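What Swiss-Prot says about this one:
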type: TRANSIT; residues: 1-42; note: transit peptide
type: BINDING; residues: 71-99; note: FAD binding site
type: MOD_RES; residues: Tyr601; note: phosphotyrosine
type: DOMAIN; residues: 623-658; note: domain 'EF-hand 1'
type: DOMAIN; residues: 659-694; note: domain 'EF-hand 2'
type: BINDING; residues: Asp672, Asn674, Asn676, Gln678, Glu683; note: Ca(2+) binding site
Amino acid sequence: MAFQKAVKGTILVGGGALATVLGLSHFAHYKRKQVNLAFVEAADCISEPVNREPPSREAQILTLKNTSEFDVLVIGGGATGSGCALDAVTRGLKTALVERDDFSSGTSSRSTKLIHGGVRYLQKAIMKLDIEQYRMVKEALHERANLLEIAPHLSAPLPIMLPIYKWWQLPYYWVGIKLYDLVAGSNCLKSSYVLSKSRALEHFPMLQKDKLVGAIVYYDGQHNDARMNLAIALTAARYGAATANYMEVMSLLKKTDPQTGKERVSGARCKDVLTGEEFDVRAKCVINATGPFTDTVRKMDDKDTTAICQPSAGVHIVMPGYYSPESMGLLDPATSDGRVIFFLPWQKMTIAGTTDTPTDVTHHPIPSEEDINFILNEVRNYLSCDVEVRRGDVLAAWSGIRPLVTDPKSADTKSISRNHVVDISESGLITIAGGKWTTYRSMAEDTINAAVKAHNLKAGPSRTVGLFLQGGKDWSPTLYIRLVQDYGLESEVAQHLAATYGDKAFEVAKMASVTGKRWPIVGVRLVSEFPYIEAEVKYGIKEYACTAVDMISRRTRLAFLNVQAAEEALPRIVELMGRELNWDDSKKEEELETARKFLYYEMGYKSRSEQLTDRSEISLLPSDIDRYKKRFHKFDADQKGFITIVDVQRVLESIGVQMDENTLHEILNEVDLNKNGQVELNEFLQLMSAIQKGRVSGSRLAILMKTAEENLDRRVPIPVDRSCGGL
């Protein structure tokens, strides 16, 4: 009875929601036009940046050293910290920002890549009549619209499908999604809609067909998170903020307030991580925007302060692009343990995640095999049984730490806030914590408002609504065509440059090397499967990239797309960076080692490679073992029991295939488990066993050897009696 009432109530609410949405559609269209006009007006009110290009890191450090006192010093170069710096500097405040690692090196680069209002939070707001959750959704939807407007090259609307497997869920979820559209109002990207079972399968052919009723499609935003964070920091630098990465805060400076006699935070002792040099940076106001490390800085101010951050780890995996449609994501609203899983196309790959597990705060979070397998199992539940979801198809994996917080001023100290908290300590340290990527701008605005009030700073109102981020102002969807026409770039590379750098893509194109081919004329790729080119390494240094890890993970996104491809590109990236930054051989070796450790531990290479180790079980039929042994011995002509690069080169030359030595080294290195420069028979059999089981998606060596064997077999001499007679 209760169930029937619930369903009837849902349908009644659905009817009301439909009438309301239809009735307000014309009004929403009118309001959207007004909002667009407001964006134009806001952009016109903001003065041009002080610098056409961001100053060099060396120039920024000199500014930090030589400025007697800043108005605001921001600690933390993630999305929120960079947003605070941009908000402060565009209000006319003398602003500095320091980050102990690279911009976006923490949580801000390890997100689900969505700019969303939070459908789940709206559900909680309605079910629990929670006004705070409603306000959070309303704010996030406004910020979503703003972010899509100010960085159109880095973001775009994305349709997300919600498959429905029980008939009563259709009106239930439809009402919820329509309310999501309604709350968005003039900020609604596109109206949600219902799909029949057949239409849903047209869009997503791999979807589980059994018991599928239909689907609901709604719209949220998607972005390139690390590049977005970098664009915010670079925009702040262009407007005059002294921003420096690899600048660690060692301690907070304090001085006695002559009026109250109390100690006040007055700056920070900073250390250049790259040189070891230490110096003081003084400021009227210090802002702690360090995400998961919030309490570390708070304890520098007061060692007895109560911790407010409750870190939670969210793991994501990347799979080949064929696992999802190119232009539509999928949402599993209720996993086996009550979590939500997204399945999204991104950069021609597929992202699946996330988990939500309590964790310790660390600079180097590692994705666990347990979390990776949990996500794979949830993916299997939603895909057709005809599709084999294999562990070996995980191309990269990462863990990001969410800085969930409790409000120190709240009576309920155990209640975790999904919203942000701005706290001012007795000594004047301002802490901004919590929140989410989408609302970084409003979080920054709230923080600077609090700073202006608490420290009597002379500043204008916030000017960041409608303020274009670097690369966004003169971007257009057809900009890539000019890159192809003017510079002779491949279309795929040109599209990538336009979507990564916006109107700054022309500067990257100018740096591109000549290929020596008829086409493309310029743009030498770092790895053949991805559109990243060597010129991006040189340009990345202008964007404050200081290490090889910066380049493979945040200037390019190779590490987040395919760890093996990133590892292959590393030697060339280090060589190019070494030329620009005058690295000696020792420094180059150090960079290679550090970057490989990063890929191995933090980006899932460890989990991926552990699927094939020296202890891997060889589970092959005797006939298979025999076949693979014969293939192996065609290369090991001297019966040594192993093959080297020379053996492979000899066989390839005999069938007329040319391959450069560096590529061959990379191919052998994938299978050389004990790293002795030789691939032994047992290593090769382990590889073939792992490929058959689906633990490893494939191997270039395995494909190469099979192709060579087939070509060699074709060259067997024809018997005389079958040669049409006669010699």
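Any Cβ shown, glycine's included, is placed from N, Cα and C.
Taking a C-beta cut-off of under 8 angstroms and a sequence separation of 6 or more, Ile75 (FAD binding site) has the following same-chain neighbours: Gly81, Leu97, Val98, Val249, Ala268, Val286, Ile287, Asn288, Ala289, Thr290, Val297. According to its DSSP assignment, Gly83 (FAD binding site) is helical.
Its Cβ placed at the centre, Glu99 (FAD binding site) has 28 other Cβ atoms within 10 Å.
For Thr95 (FAD binding site), the same-chain residues lying six or more positions away in sequence with a CB closer than 8 A to its CB are Phe70, Asp71, Val72, Leu73, Val74, Ala85, Ala88, Val89, Ala236, Gly240, Ala241, Ala242. For the domain 'EF-hand 1' (623-658), DSSP puts the residue distribution at 23 helix, 2 strand, 11 coil. Looking only at Cα atoms, Gln678 (Ca(2+) binding site) sits nearest to Glu99 among the binding-site residues Ala79, Gly83, Asp87, Glu99.
Mean model confidence of the domain 'EF-hand 2' (659-694) amounts to 67 (pLDDT, 0 to 100 scale).
The C-beta environment of Asp87 (FAD binding site), restricted to residues of the same chain at least 6 apart in sequence and closer than 8 Å, consists of Arg441, Ala444, Glu445, Thr447, Ile448, Ser462, Arg463, Thr464. The 10 Å shell around the Cβ of Gln678 (Ca(2+) binding site) contains 16 further Cβ atoms across the protein chains shown. In this structure, the C-alpha atom of Arg91 (FAD binding site) lies 42 angstrom from that of Tyr601 (phosphotyrosine). Note on Gly83 (FAD binding site): other Cβ atoms within 10 Å of its Cβ, all shown chains, come to 28. Gln678 (Ca(2+) binding site) carries neither a helix nor a strand DSSP state and counts as coil. Listed in sequence order, the residues of the same chain lying 6 or more apart from Ala79 (FAD binding site) and placing their CB within less than 8 Å of its CB are Ser104, Ser108, Asp225, Met228, Asn229, Ile232, Trp437, Tyr440.
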